[in-house]
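Only one structure is covered here, and it is reproduced in the block below.
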């Protein structure tokens, strides 16, 4: 597409209105576009638009794209700006307000923020490296051989790498705040799973502080014992050193993230120096003392011998070694856990986490290959175990025989104390300077303990602020410019100290590993679930992930949980399910746009679309009800009755019609969520739909034709009886009957509920839907339909065959527990006759009926000509002429007599259901028809439900 040249451009400025002098004299270009209309930030990550005077010279409230419109936080130094609403854009100038002037604020001091190297990569590498690297990797290499050890390392790194990819995808799908793993999972899968994982992940990190601290304390205690220094005994020495150590770590954490980060860098340098010392030691020629312990520098024969496995002991198997090594590959979430302290989490988390996994994997592979190429599996450590010059070497056992050493005796007797199969400190022995390996062990344990001590409060603080669980909000308060969770630090310190005092964590360690794996599984599942739902909100900038790889990672994490320790896996899942059940029961008031919500929408849409290919059958008929409640809280009895025969069975939709103009306040009342909140609190499963219309009848017509989706649309209209029809305007009564006739025209069944005390609880003068809505929470009024009905009766007067709806509704009621004991009595319509005495009583009641409609009778004394009479009736169709009254006299008498029957037989019923008569359009005026319904159901103590089906079968005798 070719753009117009500068001289050919359209001059928008020529069409602009008169502007204030500063604007009119602003800078403009000749072509209509500024040369700097679009500018790009230096890093290319965001685009800002600057509109020239030529484009904004005309008067408009339209605003170009701005950061403020999409962010939910303010920018320091100015007032946050909001996008104009549609009403503001198309309303008159007097209805719109000018933008507020920028409000200058003094920005607070910027807290410490870390980049991807110091904040994520180094932190993750330190948390991944641990005592297993120094004390167990050589032993695993001896057991599994170099080949299978590499398989174990690569398999572990594959799982953590997939988790890293999933974490990167989730972290780049939006702005990441504090809370780390909990924030990522909860904002993706919702509060149910996110909350449970956040709680156990924070607890696991707190206990992990104790684990790493005890590992450090045990090493110090062993060094003290070797040098003859003992304080009390081994167990109490571990406790004392552990408490002192964790207290020092707490002090570093409390000093702030800057000091904690500096300490991590120091530990990182110590570990790197220990690695260098080890690599140099493998190159230096071996001394006789080291040779006696099995070290011979790089030898091809040693590599070939140690390449194949040599399983020993009860745990000598591939999965046994895998279960021991895999915890050393965890710790990849240490950087994500301090997401709130990163400069740019969306960049730092993917880059730092993935590089940490890569470099730690390389280090594991190098160490296993080098230690397996330099040290034999078994050695005695005795300098005299050399081959004599006279020996033939035929009886010598082991690879060391080729290098002049004979360890046959200890190998045959299985008493060798050195070699990578027996000596855990082989890396110290190989190192150029052994104490550096000890320093590396100290650095690995203390750095991991410090990382967990920082991670646990950060995750727990975010969980506390979300208030998903009771009694934990106290720990959500932050202090200082970094919003440090000081209370969370002390809580983590207390938990860690308690487990340090136990000084025996062999049974707790597998539970912690399983909790970490459970988190990995849910992170992978979060990425898979968000991808599979095809939600438009899932658009991560990190593209190097696969939803199927994420699913594989989730499955593998669960499998490894049971391979490590099956009972610990069951405990982890048990805790998750208990917390999940609690959250599902409490239903916290949060909405994070999770993938679970997107999945629910997809499933609902798929099921609704699938119903279109299913033909209707009378056996599957369900009364799907459109209930004219107005605000549902204003007519709770109507809501409760309809809910009795639709809950868990069919559709219920509460309709509300507002007859005011479509102003923002009215639209807010119509669409206000307080109505749904009221229904949910009442445990009524119903939808709500509000419309704005010129009058009630046209609004209901919109609902009748537009409510529903596909086959999930109403087929029965339920409304309350208009008790004030005689005192209200005749037009209102005519519109009320017009609603019923519109429903019949659209093949709806119609039900009208009348209660002696009325339906409305807020304002008795309200009619159906013509009401204002309060923004305040509405009270939950109790009604008789919420109570158990006992052993009363449901009296059904099936006077006309309407298709069976009159019989179906009472049956559905009796399926509910509160109506189950009620007996259904069916009265079938027939001829109504009376004796002379009864007829005399009826004549008195007929007089009352005539008095009821007298206000709407055409005055026959004025004797207008026929043309003027027809015109008057056309303008006022609710008026009753003598001809109308005579034509419908038989039906009028029938309703009068039926009321007498109801009073005689159904005074003590729990509910009366009666077939509603139908008045012909053009034959029965609306006020006469309304008088029938009024007289038929008057003076009755039980609620009366007038029912009329759409004359189509809703019941069948057959099974097909």
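Even glycines carry a Cβ here, placed using N, Cα and C.
If you look up TrEMBL, you'll see 95-104 marked as compositional bias 'Acidic residues'.
Here TrEMBL flags 46-97 as domain 'Amino acid permease N-terminal'.
The domain 'SLC12A transporter C-terminal' feature in TrEMBL is assigned to 635-771 (among others).
Residue counts for the domain 'SLC12A transporter C-terminal' (780-831) under DSSP (helix as H, G, I; strand as E, B; rest coil) come to 16 helix, 12 strand, 24 coil. Taken from TrEMBL, the feature domain 'SLC12A transporter C-terminal' applies to 780-831 (among others).
Broken down by DSSP into helix, strand and coil, the domain 'SLC12A transporter C-terminal' (846-959) contains 55 helix, 12 strand, 47 coil. Residues or ranges marked as domain 'SLC12A transporter C-terminal' in TrEMBL: 846-959 (among others).
TrEMBL lists 90-112 (among others) with the feature region 'Disordered'.
Annotation source TrEMBL lists region 'Disordered' at 762-787 (among others).
Residues annotated as transmembrane segment in TrEMBL: 114-135 (among others).
Feature annotation from TrEMBL assigns transmembrane segment to 147-173 (among others).
Marked as transmembrane segment by TrEMBL: 193-217 (among others).
Taken from TrEMBL, the feature transmembrane segment applies to 238-259 (among others). Within the same chain, residues 112, 114, 209-210, 213-214, 216-218, 220-221, 231-232, 338, 341, 446, 449-450, 453-454, 480, 482, 484, 486, 489-490, 493, 496-497, 500-501, 503 sit at least 6 positions outside the transmembrane segment (238-259) and bring their C-beta atoms closer than 8 Å to a C-beta of that stretch.
What TrEMBL lists as transmembrane segment is 265-286 (among others). Long-range contacts of the transmembrane segment (265-286) within its own chain (CB-CB distance under 8 A, at least 6 residues past either end) are made by residues 118, 122, 125-126, 129, 295-298, 363, 367, 370-371, 373-374, 427, 430-433, 436-437, 439-440, 442-444, 446-447, 450.
Taken from TrEMBL, the feature transmembrane segment applies to 318-336 (among others). Outside the transmembrane segment (318-336), and at least 6 residues removed from its termini, the chain residues within Cβ reach (under 8 Å) are 119-121, 123-124, 126-130, 132-133, 136-137, 140, 143-144, 148-149, 152-153, 155-157, 159-160, 163-164, 167, 171, 180-181, 184, 309, 342, 345, 348-349, 352-353, 356-357, 360, 364, 448, 451, 455, 509, 513, 516-517, 519-520, 560, 563-565.
If you look up TrEMBL, you'll see 356-376 (among others) marked as transmembrane segment. Residues 120-122, 124-125, 128-129, 133, 137-138, 140-142, 145-146, 149-150, 153-154, 157, 160-161, 164, 275, 278-279, 282, 294-299, 302-303, 305-307, 328-329, 332, 335, 398-400, 407, 419-420, 426-427, 429-430 of the same chain sit 6 or more residues outside the transmembrane segment (356-376) yet have a Cβ under 8 Å from a Cβ within it.
Below 8 angstroms of C-beta separation, residues 123, 126-127, 129-131, 133-135, 180, 202-203, 205-206, 208-209, 212-213, 215-216, 219, 223, 245-246, 249-250, 252-253, 257, 260, 263-264, 266-268, 270-271, 273-275, 277-278, 280-281, 284, 331, 333-334, 337-338, 425, 488-489, 492-493, 496 of the same chain, each at least six residues beyond the ends of the transmembrane segment (432-456), sit close to that stretch. The transmembrane segment feature in TrEMBL is assigned to 432-456 (among others).
Using a Cβ-Cβ cut-off under 8 Å and counting only residues 6 or more beyond its ends in the same chain, the transmembrane segment (486-503) has close neighbours at 203, 205-207, 209-211, 213-214, 217, 235, 238-239, 242-243, 246-247, 250, 253-254, 453, 456-458, 460-461, 464, 474-475, 477-479. The transmembrane segment annotation in TrEMBL covers 486-503 (among others).
Recorded stretches compared: 114-135, 193-217, 552-585; the one with the most Cβ pairs under 8 Å to the transmembrane segment (147-173) is 552-585. Packing against the transmembrane segment (552-585) from elsewhere in the chain are residues 159, 162-163, 166, 191-193, 195-197, 199-200, 319, 322-323, 326, 468-469, 510-511, 513-515, 517-518, 520-522, 524-525, 528: each is 6 or more residues past its ends and has a CB under 8 Å from a CB in it. In the predicted model, the domain 'SLC12A transporter C-terminal' (780-831) shows an average pLDDT of 89.
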